[in-house]
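Trainee: Sharing the features that TrEMBL gives for it:
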TRANSMEM  311-333  transmembrane segment
TRANSMEM  376-400  transmembrane segment
TRANSMEM  412-432  transmembrane segment
TRANSMEM  453-473  transmembrane segment
TRANSMEM  485-509  transmembrane segment
TRANSMEM  535-561  transmembrane segment
TRANSMEM  567-595  transmembrane segment
TRANSMEM  607-626  transmembrane segment
TRANSMEM  646-672  transmembrane segment
Amino acid sequence: MVVSRSGSPRSDAHRIEIGKKMDSFARLKIWGFALLLILQLGDGFYLPGSYPHKYGVGDSLSVKVNSITSIETEMPFSYYSLPFCRPTEGVKDSAENLGEILMGDRIENSPYKFKMFTNETEIFLCQTKPLSADEFKLMKERIDEMYQVNLILDNLPAIRYTKKESFMVRWTGYPVGIKVQDAYYLFNHLKFTVLVHKYEEANMARVMGTGDAAEMIPTGGTPGSETPGYMVVGFEVVPCNFVHNAKSLKDVQMYGKYKSPIKCDPTTVALPIKENEPIVFTYEVTFQESDIKWPSRWDAYLKMEGSKVHWFSIMNSMMVITFLAGIVLVIFLRTVRRDLTRYEELDKEAQAQMNEELSGWKLVVGDVFRAPTNSALLCVMVGNGVQILGMAVVTVLFAALGFMSPASRGTLLTGMLVFFMILGIAAGYAAVRLWRTMGCGDGKGWASVSWKVACFFPGIAFVILTTLNFLLWGSHSTGAIPFSLFVVLILLWFCISVPLTLIGGYFGARAPHIEYPVRTNQIPREIPAQKYPSWLLVLGAGTLPFGTLFIELFFIMSSIWMGRVYYVFGFLLIVFILLVVVCAEVSIVLTYMHLCVEDWKWWWKSFFASGSVAIYIFLYSINYLIFDLKSLSGPVSATLYLGYSLLMVLAIMLATGTVGFLSSFWFVHYLFSSVKLD
């Protein structure tokens, strides 16, 4: 046996190796402990959604109301704009985030109150004052425009099921009323069904409250020592029209027992509304224990109609577009590589002779990096495109991971605004560095470019939203942005977004500009006459990127304008990545085609080659308005739709155009740096 003496190199190396193994084992234990801690904490809450609320038998449950909405007008109005019953403590607004207000949500308290696991029937709510002529006219208008009442219990919207032929149709909310022949009927009796699940998680943090001010209380004591509790996992409503007996209303107080039995039949109507006559409201509530667990309670809302068609269409579209893009890319790479290989295999004399007989893209070597017209505008648009593209990537990624669920209203729009402001740094940096590159390192005017980036797209959006907001203000819609929120948005713009963009521009001015691999001639080369207009090819190039997203676009449009819940953000992330790849490939191919016909003005064309997809999206929006939203009533509603569509299309054009331009810029730089031409 060989024994190494202490202090020998062999012994030191052995001890160092053992020490490294022990350090690795210690790090592994730390990571394992952190993972166990995360998993243990994961037992205390769920994603997506909010914390579970435990209610004891007899605890008070309060129903809230949101704005009434209609797919006929796309203009939300306050629930209390109609002569409904009001709570005794007065109407109070719930705390709303920025996204909720921008979406037109106005969540308020309501007079509907329940007691956990306590069934109640024939509950008298109120009798309104006789309807005035204006109230009667407004009620008829809201019924004609198919407005829906949206109730909320424990953060769950009320859901309604109707039978159509042999299957059940799910609706969120219930209609204000219905028109039969020339008579208008208001649904004045509501039959609620609350689905509850028994509280079972002994190791889960107990959360008390109704959602507005929840307080976490760690569980303690022995399992089973707590009183039984329930969690709300479903909220259903059946609206009815019922003729109330005048004698039964005598001496009945709010929440008192109605003296006559009420039979709720949603298929029949009996009492039309009339001018100068009051309306009586009643309700009933039934609690049912359900097998639905709390994390799964949103499943009923997230089921998208035609899911099989959705999945099949998306997969089919991805395979077709990937196949076509792959073919184009392979052909393109083979062509370019053959040109470069043939040139590099020649000796110097042959290269000199070939330079005199150059054709195609090699002829524009002295003009290919010549600064385009309106170069500052191009830099500004690319900067805004980087900002919008980054915002879209981060937002879709967070949504796909479940951090922006429908249970958290307004978080998606709030997140988009926050990410857009933060990414002002990237916008300023990209625009100013591109500006310096076009100026061959000249950094003069970087502050002006940064200011233009900070004000270009936000300014256009501000003008469009302000114009649409005046229309909503004139209609007294809750979709109108309040003046105070307008002030907040302007402060966020000029106090956060603009300074961050200027900071990004400062770093872009200090960063080294991109060196061109070839020199630019003083006299520009004449572009030969083309057989066909080059811009026609550029506009037609947008069809390929449009093919990647038009199926997903239908579901997104249905979510925005038809009131459906969109939650397949995983698919959206895949389609988004595919769209970026296709935009890059299409722009590169068109840039190469223009260079081959000696057209060196590729800058703007590469931007609009992929950005032209916005034209087809806008045409699709018009098609959707005509054929899918054909019930949209009034010029105000159509103007709102087209205004929001125009803003969306502009953002898509900037994002996709930026992808195409940056891809083409990299390609041209790589192409002309791969071969030396005198």
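Placement of Cβ uses the backbone N, Cα and C atoms for every residue, glycine included.
Caution: TrEMBL annotation is automatic and unverified by curators.
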Trainee: When each of 453-473, 485-509, 567-595, 607-626, 646-672 is checked against the transmembrane segment (376-400) for Cβ pairs under 8 Å, which one has the most?
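Mentor: Highest pair count goes to 646-672.
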Trainee: Any chance the transmembrane segment (485-509) and the transmembrane segment (453-473) are in contact, meaning at least three CB pairs closer than 8 A with a sequence separation of 6+?
Mentor: yes
Trainee: Taking contact to mean 3 or more CB pairs closer than 8 A (sequence separation of 6 or more), are the transmembrane segment (535-561) and the transmembrane segment (412-432) in contact?
Mentor: no
Trainee: Based on Cβ pairs under 8 Å, which of the stretches 412-432, 453-473, 607-626, 646-672 lies most in contact with the transmembrane segment (567-595)?
Mentor: 646-672
Trainee: Should the transmembrane segment (646-672) and the transmembrane segment (453-473) be scored as in contact, given a threshold of at least 3 Cβ pairs under 8 Å and pairs 6 or more apart?
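Mentor: By the criterion, they touch.
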